[in-house]
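Asker: Let me begin by handing over the structure; questions about it come next.
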Amino acid sequence: MNIHEYQAKQVLKGFGAPVAEGVPITSADQAEAAAKQLPGPLYVVKSQIHAGGRGKGKFKELPADAKGGVRLAFSIEDVVKNAKEMLGNTLVTAQTGEAGKQVNRLYIEDGADIARELYCSLLVDRQYGRVAFVVSTEGGMDIEAVAHDTPEKIQTIVIDPATGVTEADVAAINAAYGLTGDAAEDGKSLFPALYKAFVEKDMAMLEVNPLIVMENGRLRVLDAKVSFDGNALFRHEDMRALRDETEEDAKEIEASKWDLAYVSLDGNIGCMVNGAGLAMATMDIIKLYGKEPANFCDVGGGAGKEKVAAAFKIITADPNVQGILVNIFGGIMKCDVIAEGVVAAVKEVGLKVPLVVRLEGTNAELGKKILNESGLTIQAADDLDDAAQKIVAAVG
Ligand code: ADP
Ligand code: MG
């Protein structure tokens with residue numbers, strides 16, 4: 001689960017991290033009152049969407065030379081003017097995809113005098129099985145580009161869970177950034193605070209880009225992106241309350257209600273599978289034969305007919321889906337149950353695109369019989385290669 005920047009900053013502030021004052025607003029009428037609560041004379045108007053790259057983003061409805069999704073404002077009137085221009089419009093950034101995201105909320109924030117922009121993130125380093133700080137002096141930029149072009153400018157500092165962030169860890173992070181004086185002093189409290197927030201709130205990722213050194217030599221968290229480990233959300237009611245469903249894929253929300261793993265992708269073949277391994281293999285083989293998956297829905301081990309039908313409906317609801325591949329290995333899952341679910345869903349919502357089904361394993365013959373006798377136009381496939389070739393050919 002992701003949250004907005006302004007929420008992430010509230011959470012981090014609770015752990016003692018230095019953040020700017022700011023006020024979230026949802027309508028331009030609130031802009032003036034919001035700005036009046038801040039010291040000025042520099043304000044920043046920041047689009048709140050669940051995607052990064054907002055500063056360099058472009059609004060679809062505005063001329064190409066209009067400013068992006070994070071704007072400096074030099075007076076209260078300027079804040080109001082920008083808020084009117086931004087709210088309700090669609091921001092397209094490197095992370096939103098072409099469709100962009102509608103900006104329904106702005107964060108009016110105190111402007112900072114920036115001396116340096118740094119990059120700091122925390123994540124679980126899978127190689128070490130520990131939480132690690134990923135730090136770089138190249139803040140405010142696209143970190144993927146830094147990793148690609150100048151990987152030597154990124155350092156990883158792995159934290160021992162038994163000790164937490166030690167003085168030596170802080171010294172290593174400060175040294176990686178070249179921080180001295182007040183900034184290095186601020187680091188002594190900030191880096192342990194970020195670690196504490198990450199661990200206590202079961203975050204999957206915490207990214208501060210940029211972390212800034214201000215002209216006065218102090219550190220400040222200028223941007224914050226947080227995502228939580230979905231498996232731990234049950235024990236964080238306060239974090240669950242920050243969920244903004246309007247930012248999420250409606251199909252993924254529907255899937256989570258059915259306890260289905262649904263992932264939306266960019267291609268045009270919808271995939272219903274059971275098990276993560278088979279999902280990966282199915283996507284690989286579709287790509288091998290020259291097409292891209294539009295999504296995959298993993299119905300898991302022991303789904304019933306209703307759950308299978310729900311999965312099928314979610315897959316067909318995606319307008320990009322031009323064909324569907326059902327690839328099921330019946331182990332615990334029974335192929336006849338899959339077949340019944342597919343038939344029930346098609347009877348309810350219809351079938352406007354080609355459907356290829358490959359069933360193997362428990363009750364596979366019975367499953368095929370149910371499909372054959374259903375009167376639906378379904379292409380049966382014998383194995384994974386055959387299935388992928390058939391759906392790719394059908395989609396054309
Ligand atoms: P994004 O990463 O989505 O583009 P950021 O919050 O990182 O959004 O903002 C982009 C840039 O805007 C920052 O790198 C910084 O230069 C500037 N900026 C953001 N917030 C402030 C602020 N409060 N004061 C001054 N500049 C800011
Ligand atoms: Mg940023």
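Glycine is no exception: its Cβ is also placed from the backbone N, Cα and C atoms.
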Asker: Name the residue, out of Asn268, Asn274, Asn372, that TrEMBL lists for the same substrate site as Gly331, Ile332, Met333, please.
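Answerer: Matched candidate out of Asn268, Asn274, Asn372, per TrEMBL for substrate with Gly331, Ile332, Met333: Asn274.
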Asker: Which binding-site residues, if any, among Gly53, Gly55, Ala112, Asn274, Gly331 have a Cβ under 6 Å from ligand 2, given in order along the chain?
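Answerer: So the answer is none.
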Asker: What's the CA to CA span in angstrom from Gly55 (ATP binding site) over to Asp223 (Mg(2+) binding site)?
Answerer: 11
Asker: Using a 10 Å cut-off, grab the number of neighbouring Cβ atoms around the Cβ of Gly331 (substrate binding site), all chains included.
Answerer: 13
Asker: Let me know the DSSP-derived helix, strand or coil state of Lys46 (ATP binding site), please.
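Answerer: Reduced to three states, the DSSP call for Lys46 (ATP binding site) is strand.
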